[in-house]
Structure formats: C-alpha cells, structure tokens
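Chemist: Below, the features straight out of Swiss-Prot:
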type    : residues                    : note
BINDING : Gly64, Gly65, Arg86, Asn191 : substrate binding site
SITE    : Lys29                       : site 'Transition state stabilizer'
SITE    : Lys251                      : site 'Transition state stabilizer'
Amino acid sequence: MEELIRKANVLMEALPYIQRFNNKTIVIKYGGHAMVDGRLKHEFARDVVLLKYIGLNPVIVHGGGPQIGQVLKSMGKESRFVQGMRVTDQETMDVAEMVLGGKVNKEIVANINRHDGKAVGLSGKDGRLILARKLEMTAINPDTLTPEIVDVGLVGDVESINTEVITALENNGFIPVIAPIGAGLAGETYNINADIVAGRIAGALRAEKLILLTDVEGVKDKQGKLISTIDTQRVPDLINNGTITGGMIPKLNCCIDALDEGVHTAHIIDGRVEHACLLEIFTDRGVGTAVGRFTS
C-alpha cells in the first residue's frame, strides 16, 4: 500500500506542471549516451510519447557525430576537427546527410512510433525548415599569434528557421524529429551543430523549454558540485573565472541565444539518467542545470 501511495504522490506532484505546460512546445536536443544505450533509447522514446499524450508538444533535434565518425572510419577516411567542428568536405557531407537524415533519424522515428507515437522524420531541407549559411570560424595562428579565418568546409550556421512545417505537424498530433542538416540559398547542403539547431528552433517557436541532453550532470562549480540554476547575468563571470570551460561554453551560449529569442527556460541535463526529461519537466527539484533570467 505504501508503494501505491508513493506512486499516487508522484502523479500529484506532476499535476501542476501538466496543467502549466499543456499545449506548450518543448524542444529537446537528443544526443550523447542516451542515443546509443539500448535501454535509454527505449525509455526516451516512451517519455516523448508520454509528453505528447498528456498535452505537450515535444520537438526532437538529434545529433549523430559518433555514428558519422564510424561510417567514415569504415571507409578509411579520417575525421578532422577544428574547435569541435568536423571539417566537412563534399564526401564527408554526403556521409553526414546519409547517416543523420537516414539511419539515425529513422531509428528515432521508429522507436517513438513503436510506442504508439506519431513521429515524422525531417531534415532542415524539408519544407525549407533550415536556411543555412557557411560557418565563419577563426583560430589563432600559433606562429603569428593572430586570428585567422579557418575553412572547415560545409559546416553551416543557421540563417533562419521556417516554423510552418513544425507547427503543422504539432497541430495534427505528430512529433517532429529533425536532423541538423541545412540548405543554403544556392541549394548547397550544410552540416550544422545540433545544439545550435535546437536552440534556434526553440527560439523560432517561442518554446516553453529548451532541453539539451548531455553526458554530464549539468554545469558544475570548481568543486565539482552541480549548479542547479544559473542566471544569464552570471555566465560571463563564470566563464572568465574558469568555472565554465570547454564544450560547456557553447552549450550555455546556445541556451542564452534561445532565451534572447523568447524561450522561457533552458536546461542542460544528464541524458544518462533514466527519464531525465520527465524528471526535469514534472518534478519540483528537476535535474541538471536550469538557465534563465531569474533576477529582475
């Protein structure tokens, strides 16, 4: 009986959040360990279906870097990175589009549909969803110690998002699953960082939440303790004093950009935790790090 009461209390704790987020859009960047662990893939798909059934509108944007790397390796092609961006020639772009828009995207769609969801797979080329431009990058030349433009090939940045196809799918009960591939004005194809795509889509949709699934608990302080909430005003100081470093910097910048475009809150959470998205959305404590404007 105590176990049954505990389960009932969990449902009651979720009720105000279900009411608050009814018909709201939640953009989830799906990547990392949650995409490769069989049990976590299964649970993520079930969680997404649950979100839709109880009245939320989940939009999934997925990565797939390791899967691209595996295919390139099998072809005998070495992967090169500059500041975390894969150098993408035409052959690599063809592989990325095949892996992201084909294998990875359709596997996620199939997993969701297996649990009675109605997922539809898209890339940024579909419905002119993602208009992209070539990413301009600079790096410090080690000889001259001056910044220089670095050509990383067909790596893109988001120029604009066309939300029509997403809202049409949402309004008809479908769950969009989006591969981070964009199209340029001249029809060229670009590989885009999935965090950036998720943030820009969340902003364009004025989503209630942007959730980035990662392979860490969230943002940590210098003692390794999780920081549960970060006001955007604190981020520059946390970067300057070395608290936030490495790959967490672009993730936080992505969150801030999404907030600037109208997203209510952004969250960096541990995708290795079972039901991480549900715990973040429907519990008082949440999980991971919430990023927002919490001070006036």
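Note: Cβ is positioned from N, Cα and C throughout, glycine not excepted.
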Chemist: Using C-alpha atoms only, work out the spacing between Gly65 (substrate binding site) and Lys29 (site 'Transition state stabilizer') and round it to an integer in Å.
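Modeler: It is 13 Å, counting Cα to Cα.
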Chemist: Write down the Cα-Cα distance for Lys251 (site 'Transition state stabilizer') and Arg86 (substrate binding site), rounded and given in Å.
Modeler: 17
Chemist: For the substrate site given as Gly64, Gly65, Arg86, Asn191, which other residues of the same chain have their Cβ within 8 Å of the site's Cβ centre?
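Modeler: Same chain, not in Gly64, Gly65, Arg86, Asn191, Cβ within 8 Å: Gly63, Ile68, Gly69, Thr88, Ala96, Val99, Leu100, Pro180.
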Chemist: Roughly how many Å separate the Cα of Gly64 (substrate binding site) from that of Lys29 (site 'Transition state stabilizer'), to the nearest whole number?
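Modeler: Cα-Cα distance, Gly64 (substrate binding site) to Lys29 (site 'Transition state stabilizer'): 11 Å.
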Chemist: Which number gives the other C-beta atoms within 10 angstroms of the C-beta of Lys29 (site 'Transition state stabilizer'), all protein chains shown included?
Modeler: 30
Chemist: Say we define neighbours as other CB atoms within 10 Å of the CB. Which of the binding-site residues Gly64, Gly65 has the fewest?
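Modeler: If we count Cβ atoms within 10 Å for the binding-site residues Gly64, Gly65, the smallest count is at Gly65.
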Chemist: Compare all C-alpha positions of Gly64, Gly65, Arg86, Asn191, the record's substrate binders, and send over the largest distance in angstrom.
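Modeler: So the maximum pairwise Cα distance among the substrate binders is 12 Å.
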Chemist: When DSSP is mapped onto helix/strand/coil, what comes out for Arg86 (substrate binding site)?
Modeler: strand
Chemist: Would you mind listing, in sequence order, the residues at least six apart from Asn191 (substrate binding site) in the same chain with a Cβ closer than 8 Å to its Cβ?
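Modeler: Arg86, Thr88, Thr92, Met93, Ala96, Glu97, Leu100, Leu154, Val155, Gly156, Pro180, Ile181 - these are the non-local Cβ neighbours of Asn191 (substrate binding site), listed in sequence order.
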Chemist: At the Cα level, what's the spacing in Å between Lys29 (site 'Transition state stabilizer') and Lys251 (site 'Transition state stabilizer'), rounded?
Modeler: 11
Chemist: For Lys29 (site 'Transition state stabilizer'), just give me the three-state DSSP call.
Modeler: strand
Chemist: Under 8 Å Cβ to Cβ from Lys251 (site 'Transition state stabilizer'), same chain, six or more residues apart: give me those in sequence order, or none if nothing qualifies.
Modeler: Asp195, Leu212, Thr214, Ile268
Chemist: Including all protein chains shown, what's the count of other C-beta atoms within 10 A of the C-beta of Arg86 (substrate binding site)?
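Modeler: Excluding its own Cβ, the number within 10 Å is 21.
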